[in-house]
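A.B. asks: If you look up TrEMBL, you'll see 12-33, 45-68, 89-109, 168-188, 216-239 marked as transmembrane segment.
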Amino acid sequence: MKLRRAYREYLAEFFGTFILIMFGDGVVATVTFNKGNAQSSYINVTFGWGIGLAMALYCCMGISGGHLNPAVSFANAVFGKFPWRKVPGYIFAQIFGAFVAAATLYGIFHDQFDVFDGGNRQLMGPTGTGGIFCTYAKPGNGKFFSVFSEVVNTGLLLFPAKNHLPIAVGLLVFAIGTCTGWVTGYAINPARDLGPRIFSTILYGSEPFTYGGHYFWVPTFMPFIGACLGIAFYQFFIIPEGDEEKEKKED
């Protein structure tokens with residue numbers, strides 16, 4: 001019991017990220033195996049990710065702060081809002097939670113994978129299933145614009161409101177996905193992408209890391225930059241109340 005209490009924040013991050021991926025990658029799998037109208041299917045995906053994030057935050061926000069994202073933990077530490085000593089543990093818990101969720105989803109949908117691809121696992125193509133687990137840029141989208149998309153979208157995610165409720169953050173993710181996320185799959189979360197990507201190597205070999213000219217580094221590393229910029233822009237343009245009072249006293 002004492003051991004569990006000592007690691008409760010990390011356990012909360014693990015479980016919260018697990019819930020996020022179960023909802024998010026789960027809806028992607030459902031849409032993949034039930035191909036219908038492309039536009040309505042994409043809306044279903046963005047809605048699933050938004051609801052998934054809201055549910056995950058409701059579960060763990062009171063214990064760990066509900067980071068669920070290595071970029072969030074890192075950026076908050078950079079700006080002195082989170083202790084650096086907790087960052088490695090948070091990041092490990094988040095990535096591991098995403099990995100376990102991906103493995104769980106594969107177990108749930110295993111038979112549907114076989115029906116869809118005939119037992120021949122392919123990353124891309126007409127019977128490709130790699131996109132269920134992690135993100136890949138759309139064909140023809142250059143690296144620069146993929147990087148730009150991930151940085152901007154993660155920055156928007158880290159542009160906090162004073163009283164950010166889980167449902168509001170979920171709606172924000174839904175809006176990001178609906179408006180600008182289609183180009184890259186809007187990973188905006190290294191754990192959401194890297195954990196399932198590592199699991200998917202069991203199915204597709206090294207291809208999840210080599211496909212698209214080693215595209216994996218874009219969703220893995222660019223959100224860290226975007227998260228820091230998001231907090232920086234918030235502090236510059238929307239002066240927090242504490243900073244505003246401090247500036248008034250100095251004047």
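Glycine too: its Cβ is placed from the backbone N, Cα and C atoms.
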A.B. asks: Which listed range (45-68, 89-109, 168-188) shows the maximal number of Cβ pairs under 8 Å with respect to the transmembrane segment (216-239)?
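C.D. replies: Between the candidates 45-68, 89-109, 168-188, the best contact partner of the transmembrane segment (216-239) is 168-188.
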A.B. asks: By Cβ distance under 8 Å, which residues at least 6 away from the ends of the transmembrane segment (168-188) in the same chain are close to it?
C.D. replies: 42-43, 45-47, 49-55, 57, 69, 71, 131, 134-138, 141, 145-146, 149-150, 152-154, 156-157, 161, 218-219, 223, 226
